[in-house]
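The structure under discussion appears below in the form of structure tokens.
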Amino acid sequence: VDIQTACLGLYCGRTVLSVNGSVETYGDCGVCPRGQRTDDNKICRECMGSPDRYDWLYLGFMAMLPLVLHWFFIECYSGKKSSSALLQHVTALFECTIAAIVTLLVSDPVGSLHIRSCKVKKLSDWYTMLYNPSPDYITTVHCTHEAVYPLYTIVFIYYAFCLVLMMLLRPLLVKKIACGLGKSDRFKSIYAALYFFPILTVLQAVGGGLLYYAFPYIILVLSLVTLAVYMSASEVESFKDLLVRKKRLVVLFSHWLLHAYGIISISKLDKLEQDLPLLALVPAPALFYLLTAKYTEPSRILSEGGNGH
């Protein structure tokens, strides 16, 4: 294919203006339209692929972040004697689920739960704005576009729908059912969301590419740390302590699900016979904690230290 002069820059390309049989006419070198990225010949080609398993796991992780934060702040501000926490948890799950479905429906192709995407090849694909060329060191050719279409922008759309649904549903629900809380306390979980949604948006805007490669390890580390902190704060030292309250079992199983999600994301389940046995490691951290908690109880260590002196 005769492509005139070379197209500078890592992500600059020529758009296809017309196709006459096997002959294509190209435009000037510049930014590719939304939904396209450059091929090896610096021609803008439409993204016709589908997200692979790892891409879906990444989108699932980004979708879980606001839900987990909703649940955390609802639990923090619902009050110990309030019966509204469970209903608020269910409402948050409903909001995020509907937001995810609507986001998929409005994405190309519209009206389908499937999305077309470009394949992520390397980390720089997430930060095309850093690779705008300056041929004469004076004029910059702006070729910034979504090379990882739509993995970057679809997260923002999802967060927007989550926020809108929360503002439509949650205030009315909380006003009716959170009778055991004061007027200033019952809306604190909603106020918290108004803070963490902008933070999540900035996190995706700045660190989307880093999160894409690091999220499995982030899940594993956070699930381990938060489980240990929760068990320590709840003074869980044996299996009997877990069975005393159903809430503790729910928290334990939730952490196990997150831990399994992280293991699946790392292995990608490419080889089932090798990767599935790794899921047997999911309960290992909790079992290790329960078996060793009695030996690390602070009062026991202090008393033994005192006896030693």
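Glycine is no exception: its Cβ is also placed from the backbone N, Cα and C atoms.
Database features (TrEMBL):
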type	residues	note
TRANSMEM	56-74	transmembrane segment
TRANSMEM	86-106	transmembrane segment
TRANSMEM	149-169	transmembrane segment
TRANSMEM	190-211	transmembrane segment
TRANSMEM	217-236	transmembrane segment
TRANSMEM	248-264	transmembrane segment
TRANSMEM	276-293	transmembrane segment
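The transmembrane segment (217-236) and the transmembrane segment (276-293) are in contact, since at least 3 Cβ pairs between them lie under 8 Å (pairs 6 or more apart in sequence). Stretch with the largest number of CB pairs closer than 8 A to the transmembrane segment (276-293), among 56-74, 190-211, 248-264: 248-264.
With Cβ pairs under 8 Å as the measure, the transmembrane segment (149-169) is packed most heavily against 86-106, out of 56-74, 86-106, 190-211, 248-264.
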